[in-house]
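Going by TrEMBL, these are the annotated features:
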type     : residues                                                                        : note
ACT_SITE : LYS9                                                                            : active site
ACT_SITE : ASP135                                                                          : active site
BINDING  : PRO93, VAL94, ALA95, SER96, GLY97, ILE98, GLY99, GLY100, GLY101, SER102, ALA103 : ATP binding site
DOMAIN   : 65-142                                                                          : domain 'GHMP kinase N-terminal'
DOMAIN   : 198-264                                                                         : domain 'GHMP kinase C-terminal'
Amino acid sequence: MITENAPAKINLALHVRARRADGYHELETLFAFVADGDTVTLEPGPLSLTITGPFAHGLSGEGDNLVTRAARAFADRFGVAVGGALTLDKHLPVASGIGGGSADAAAALRALARLHEIAIDDPRLFEIAAALGSDVPACLLGRTAMGQGRGERLEALEGLGGMAALLVNPGVAVSTAAVFKAWDGVDRGPMPPGDVLAMALGGRNDLEAPARALAPAIDAVLDALAIGDPLLARMSGSGATCFALYADEAERAAAAARIRAAWPAWWCLETRLL
Ligand code: C5P
């Protein structure tokens, strides 16, 4: 059995620079990953997908799941038989801006590459990833990176490994397409120069305003995260998950305890950056 982690992705900053003729948006986004996420396992056999874990109910194991689409695309591209008994242990909330489906698809590609002895940096894997979704290449790379284009043109960067992080989701699923569609079309400029922390602190998430308009619960999450003096509190991706970064684990634990007491229904993950 092959096991691959599918770490949650966060966008430390996400600048939307332009609407494109193909319906996508030109981005400048700083990807980072955290130490927790879903898990994908692969065993030889006919293609199947079993979904377990606390967020299994949000998904169907039918053919449209990004994991089975990844397995079919892999077989197509590498000329091998379609197959693999895949299990997805789902710990990340669905449609929540932390790349769950993309992380799962990337983990499935990594597992299949190991099974078929394909190098993990084979450019064909990145081509499959980009065709599956804008965030899948970043999840395949799985490390801090600057993403441009749809998010698929990547440059790996020295990350903030070990930094204490808190991820909070109010239980509202948000449609990525709807949030991008509600963006006001104003280019607010590039990320400031400097290292990853400088870019993150001086950056923005331009999808925050449209997402907040569609899902007001995000306001409450950002208000809750702003208490307790985090280094940074921001929405990830198209929401609704927001994250905060802290100078140490004690500050993160205090913030998590306060949020869990005030908002027991929210999903709240204490983790660290990879
Ligand atoms: O690429 P993916 O299928 O994950 O994107 C989902 C939706 O998000 C797209 O259909 C598009 O509406 C929007 N999107 C965008 N610009 C990007 C990435 C995604 O408009 N760079």
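Glycine residues also receive a Cβ, built from the backbone N, Cα and C atoms like all the rest.
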Sparsest-packed of the listed binding-site residues (PRO93, GLY97, GLY99, GLY101) - C-beta count within 10 angstroms: PRO93
Cβ neighbours of ASP135 (active site) where a neighbour is any other Cβ within 10 Å: 29
Neighbouring C-beta atoms (10 Å sphere around the C-beta of ALA95 (ATP binding site)): 19
Check: same-chain CB within 8 A of ATP site center, minus PRO93, VAL94, ALA95, SER96, GLY97, ILE98, GLY99, GLY100, GLY101, SER102, ALA103: ALA8, LEU92, GLY237, THR241
Cα-to-Cα gap, GLY101 (ATP binding site) vs ASP135 (active site), nearest whole Å: 9
For LYS9 (active site), the number of other Cβ atoms found within 10 Å of its own Cβ: 25
